[in-house]
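**Q** Under the heading nucleoside 3',5'-cyclic phosphate 1 binding site, Swiss-Prot lists 176-303, citing sequence analysis as support. According to Swiss-Prot, the nucleoside 3',5'-cyclic phosphate 2 binding site annotation covers 456-586, on the basis of sequence analysis. Per Swiss-Prot, nucleoside 3',5'-cyclic phosphate 3 binding site is recorded for 575-702. What Swiss-Prot records for 338-367, 422-438 is compositional bias 'Low complexity'. Summarising the annotation, Swiss-Prot assigns compositional bias 'Polar residues' to 409-420, 1450-1464. Annotation source Swiss-Prot lists domain 'PNPLA' at 928-1094. Feature annotation from Swiss-Prot assigns phosphoserine to Ser421, Ser1175; the stated evidence is similarity to another entry. Feature annotation from Swiss-Prot assigns region 'Disordered' to 329-393, 409-438, 1352-1374, 1400-1464. Here Swiss-Prot flags 35-55 as transmembrane segment, drawing on sequence analysis.
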Amino acid sequence: MDVLELLRASATGCYNTIFSEAWHQYVHKQIAAAVYWYGALFLLGVLLFVWFLYFKRLARLRLRDEIARSLSAVTSAATGVDHRGLRFRKRDKMLFYGRRMLRKMKNVSGQMYSSGKGYKRRAVMRFARRILQLQRENRPLEMKTVEPPAEYLEETIEGSDRVPPDALYMLQSIRIFGHFEKPIFLKLCKHTQILQLMAGDYLFKITDPDDSVYIVQSGMINVYICNADGSTLSLKTVRKGESVTSLLSFIDVLSGNSSYYKTVTAKAIEKSVVIRLPMQAFEEVFDENPDVMIRVIQVIMIRLQRVLFTALRNYLGLNAELVQNHMRNKNSSNPMATGQTTSNVQSQTSQATQSRPSGTTRTPTSPMLRLSREEHTLSDPDPNPNANNLHYHEMHGDAPYIDLYHYQQQQQSLNSPRRNSTAHVSEAAAASTASSPTTIDQRLVQSSAVDSLRRELGLGEEDAHIIEQFVLVRELEPNVTLITEGNADDVCIWFVMTGNLAVYQSNADATRASAKQDAKPEMLIHFVHPGEIVGGLAMLTGEASAYTIRSRNNSRVAFIRRAAIYQIMRQRPRIVLGLGNGVVRRLSPLVRQCDYALDWIFLESGRAVYRQDESSDSTYIVLSGRMRSVITQPNGKKEIVGEYGKGDLVGIVEMITETSRTTTVMAVRDSELAKLPEGLFNAIKLRYPIVVTRLISFLSHRFLGSMQTRGSNAYGTPVEANPVTHKYSTVALVPITDDVPLTPFTYELYHSLCAIGPVLRLTSEVVGKQLGVNIFDTANEYRLTSWLAQQEDRNIITLYQCDSSLSPWTQRCMRQADVILIVGLGERSHLVGKFEREIDKLAMRTQKELVLLYPETTNAKPANTLSWLNARPWVTKHHHVLCVKRIFTRKSQYRINDLYSRVLLSEPNMHSDFSRLARWLTGNSIGLVLGGGGARGAAHIGMLKAIQEAGIPIDMVGGVSIGALMGALWCSERNITTVTQKAREWSKKMTKWFLQLLDLTYPITSMFSGREFNKTIHDTFGDVTIEDLWIPYFTLTTDITASCHRIHTNGSLWRFVRSSMSLSGYMPPLCDPQDGHLLLDGGYVNNLPGHLWRYCRASMSIAGVFPPFCDYRDGHLLLDGCYTNNVPADVMHNLGAAHIIAIDVGSQDDTDLTNYGDDLSGWWLLYKKWNPFTSPVKVPDLPDIQSRLAYVSCVRQLEEVKNSDYCEYIRPPIDKYKTLAFGSFDEIRDVGYVFGKNYFDTMAKAGRLGRFNQWFNKEPPKRGNHASLNEYTFIDLAQIVCKLPETYVRLGTPDLFSEDEDEDFDGYISEPTTLNTDRRRIQVHRAGNSLSFSEAELDSDVELDLEMENKVDKATQSTPTLPDKRSVQTPTPSLFNLTMPIAVDEIDKSSGRVKRKLEATNTASIAEPEASPSIKAEATTQTTPPTSKRTEQDEHELEHEQVVEKQQVMDKQQGNTTNNDTKN
């Protein structure tokens, strides 16, 4: 059998060999014969052609010779002279040949345009070009690729050579105390001492006095903590130029309290030189300059709140650990709250009952107490079940009743000198409560409160008359809110007389913990017991309250409002020490230890925080400003890794992993940072292990975020790196020319930004009127920067409108800006002006973006954008903005303000270009990604219509393959009807098969030449560039030259769309003319992601069908982007989109394949295929396997996109349609529309559509949460002490800081506000009490507030809510929520006149000041008497005001000049 098999095999092989050889011989013979015949015929034709030319030329020569001979014979016969012997002269020869040559040149030039050899040559070249498909070199305009300047990626190394090093270090160290003038700085330098330390010497030890500031001039100092068991732990290492000090100890020393080192020790690591500055040196300066003392205390409190509390609370999760529940070494200044035993309390009670006058009773009631009781419901449980337990009150330090009769007898002898001054106050208190009997004498309560607060403020008994008229006493029921977190109106100094107050703070993890059932939005920080004070931190910083304060049980509190404290401060500046000392006493030892370790760093633009390859021993928190992280590659090239904004943590991963710095981080603009050393982290971790959990959670979120964006990075970046974010906090707006309507543009942008969150618009006029005309001087730099920093903290974004010249305000805007918007008119010249170049030199590191404005009346599309960008290489991004007609209307400043006072009342159009720009600046852009799928891409049109009907704005568009075509149509037209029409026309062209047959070519690279396909795309878009599209757009292609995907955001549109559709095998790759790379369909690597049509064509270069498209910029060959990424949602996310809708129309591979075992026979597959009686099998063929291999990376990328949290993945049901079914355009479009409409309706019902179409808050703004310029204005306490003149004089308010200062303004000065303002005060400013404006006031931005107030809605008013005794989450009644009628102006729409109506609003003051006579007269003529009844509390307040006014009149008559011009 083996022999037979061998014979059969040999015979088969022999026959096969014979047959193949015979066939090859026959073919070769036929080809050889054909070649011979064709060669012979070709040679014969050549010979005939040559012979014809030769014969023609020979005949021409013979004819010429015959004519010459004939003429010569005739001439000789006529003259009788034989010319054969004559010769011409040389001059005649030269003339003859010269004329002949000129005649020939003329004939040659004529042949170039008529006929002859030139015409034939051109015809042959045209024929050859058409046959060989040669193309002329016709490259379009390209974007110039310019490297950023060295300053953009490099730090500033230049130093201050003019200042000695020791003076420079000292100047930087004491900068934490604020800005000092040169004379004051020189006085401090006189007290400095130089300390020489050897290695191992102690700088200070435990029990040494903590009364100095130490500045390291050279060497290194180690600061460590000594534990109770004798072990030590390094806290931080102080290097050259750094300092060691505690600002909290600084307050102790100034307050006269001795401070000693208890747990902190400093030792020299090496030989060091240290500068010692005693804290007592500041005493001399402060005595001569009280304003400097107040400013230093304010800076210390601001640092405590912004640095210490921010770092420990927000990043380490420490809240209650920062304060101590019982103040240490607290000598209670409240004689009502002294700790007494139960027997003592009972004995005092019995003695008081026997010796109390008979007219008194035992039931404590007051109007406030009755009001609080009425607000509670009967069903509420008792919040304090132990309220009647005397032992309970003894243990908690809050006695329910303590007799004041004996206290009155004791205080009569002490208070006799000031009895007369307090008589009227006591009589007012008694008169206010005469209607209801009470046990506790109100006069004694008032006197006790005044005495207690006087001691807390550090005032003597002789100063009691200063504060007694400002002290108010209230009785509270449980769960009454005194002030809420973030409230700047009701800031007071609260002193607890009886009962307890609970201090809460919002939970930093409330957002992530909201999914948990036990999550609490607030955390209990500490309790305030009788004899303790609270509210000093917000009072000294001038900012809003950082805590929410509620009464824990029935309590009695005494308080002084913020305006009153500032008036007292003008007379007694040293009360800031008492307030600061009260804040310091409340802090825990942990905060004091952290105060030694934490540093507050100020960095100018260009200065480096740390450099690459340095040791990482600390991390940094960005308090304000912007940082840029730059990595230096081994070849020396620098690249941006990320940028950090306000609140970001920098360098945390490197510090924890103990690795060297991987990047260099430098300040883009002037910035403030908090430095947290590694030793502090270790010390806190040992004491509070919960910090480790917080850090793990923080690092996990950062690691997951980097994993989602790592796939699209060209190079590996550390986990620490933060991708370049497009969320800015400050934006500067600069006009290119004077005719740019910058003010209307700023208003429109402000209008759109207001829908996202609190925003502020600042101009030079606004800042000048708020802070003074000299605020831009160098001496006022601290005040200006502090004020601007506070405005940035209170708003999500701040708009800095620059002047049209390089003024000091413009320079300040450049220093404060995170990004600069250069605004120009798109239809004007693109030339760069001198002012614009100065702006670039002034802020070289700041990112700049170009904004081109177009009027909507011209219907013109953007054009020539490349010229704008090439002229400005410093621009990193551009925006096309279509503007309404009102922006380009020429009006005066007042008319513009009046116009936008009405515009700002309306809801912004979320689909406008201004809203798109607003979302980009705030990091809320919505991106649309369209995947590839051939004819199934018609579903994109239906989905676009469904998206438009769902109200979802589209800010960015990216596409691959057919998605690149549809996305480019939408970005170009932005009209669903026009987009549908053009897409349908293009699909019809794709169904004309006779044109495709003419495009067939020899299939070496592809089946089609791609010429007709290019023509269809070019006819659709024309010569449009990607830069000229209305909406930012990108397409993705597969670069087969560099074996990667390429993202095209600029260049020829049709070319890169064509390259993204170059499917392998159908079209040749597109060759990038810039670098010669071959580009294929981008879907091979990423199926969801210049002239416009070129990149569209490149994105549609299907390999094998159409040839790859050659990029005209670099020569790379481009293919369809579907080979790399068919749904490039990750690319869209990296480009700045926060929310993405990804639509996938690609085909799905069959994964249900047959398991055929270890081997596979093709004959078996053939048998299964052709035998109808067997079960079919699913085995991929060779083309299918190649296709699956090509799409491997695309499938992996698609799965990552589906699992991401930033993308909404949508796939319409279009699987039944084939890739080339372009004839079913309308049917596929309808399928996509119906599916999209149902999909978005389902999302809307489920509440998941809000992040796409409800990015703004539709609720009317409320007083409690709306930010206004005056509400968050920076309060410079030093200015109060100096009694500087007012910047903006207010008639009718004699004092700069009146008690009702917070009610003077309730809106931005720069733009209209939706809050109510006391219109009566404003009318005093006008001539004749009118609200109209004179022509001299047309350029005032402040008038915008006044116009806005006329159109305020009653919805802005809030009403008090009933408290919940148990739940903290339920809104609780506020102490200031007292409904009182006030007069509000309203405009009659029919007549346009101002009317006065009576509304009920929540007053923010306890005692509303009485109106001035002029105001009363105005109110009498325009108001109607209130119909509501006054409450007993209102009567009490009015009577109290009358008593105070009588006292003031008597004091004036007696010559007593106390502070009589204030209002209580």
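Heads up, residue numbers simply count up from 1 along the chain you see.
Each Cβ is built from the backbone N, Cα and C atoms, and glycine gets one as well.
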**Q** Count the other Cβ atoms sitting within 10 Å of the Cβ of Leu524 (nucleoside 3',5'-cyclic phosphate 2 binding site), across every protein chain shown.
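**A** Taking every protein chain into account, the count is 15.
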**Q** For Val591 (nucleoside 3',5'-cyclic phosphate 3 binding site) and Tyr224 (nucleoside 3',5'-cyclic phosphate 1 binding site), determine the Cα separation and express it in whole Å.
**A** 15
**Q** Expressed to the nearest Å, what is the distance separating Thr192 (nucleoside 3',5'-cyclic phosphate 1 binding site) and Leu623 (nucleoside 3',5'-cyclic phosphate 3 binding site) at their Cα atoms?
**A** 31
**Q** Highest Cβ count within 10 Å among the binding-site residues Asn507, Val591: which residue is it?
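**A** For the binding-site residues Asn507, Val591, the Cβ with the most other Cβ atoms within 10 Å is Val591.
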**Q** Give me the non-local Cβ neighbours of Thr541 (nucleoside 3',5'-cyclic phosphate 2 binding site): same chain, 6+ apart in sequence, Cβ-Cβ under 8 Å, ordered along the sequence.
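**A** In sequence order, Gln298, Met301, Ile302, Gln305 meet the Cβ cut-off.
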**Q** Of all the binding-site residues given, namely Gly256, Asp490, Leu524, Ile575, which is spatially nearest to Ser1175 (phosphoserine) at the Cα level?
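**A** The smallest Cα gap between Ser1175 (phosphoserine) and any of the binding-site residues is with Leu524.
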**Q** If you measure C-alpha to C-alpha, which of Glu288, Glu456, Val473, Leu524, Ile575 (binding-site residues) come within 10 angstroms of Glu639 (nucleoside 3',5'-cyclic phosphate 3 binding site)?
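**A** None, since no candidate lies within 10 Å.
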**Q** Across all the protein chains here, work out how many other Cβ atoms are within 10 Å of the Cβ of Ser272 (nucleoside 3',5'-cyclic phosphate 1 binding site).
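**A** Its Cβ shell of radius 10 Å holds 23 other Cβ atoms.
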**Q** Would you mind reading off the Cα separation of Ile575 (nucleoside 3',5'-cyclic phosphate 2 binding site) from Gly256 (nucleoside 3',5'-cyclic phosphate 1 binding site), to the nearest angstrom?
**A** 13
**Q** For Val473 (nucleoside 3',5'-cyclic phosphate 2 binding site), which residues of its chain lie six or more apart in sequence with Cβ-Cβ distance below 8 Å?
**A** Gln442, Val445, Gln446, Ala449, Met497, Arg556, Val557, Ala558
**Q** Would you mind pulling the DSSP three-state label for Glu456 (nucleoside 3',5'-cyclic phosphate 2 binding site)?
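**A** Where Glu456 (nucleoside 3',5'-cyclic phosphate 2 binding site) sits, the three-state DSSP reduction gives helix.
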**Q** Do you know offhand how many angstrom separate Asp208 (nucleoside 3',5'-cyclic phosphate 1 binding site) and Arg607 (nucleoside 3',5'-cyclic phosphate 3 binding site) by C-alpha?
**A** 37
**Q** Select the closest residue to Arg607 (nucleoside 3',5'-cyclic phosphate 3 binding site) from the following binding-site residues, measuring between CA atoms: Lys240, Ser272, Glu288, Glu456, Leu524.
**A** Lys240
**Q** Considering only the binding-site residues Tyr224, Glu288, Glu456, Asn507, Leu524, which residue has the minimal Cα-Cα separation from Arg687 (nucleoside 3',5'-cyclic phosphate 3 binding site)?
**A** Tyr224
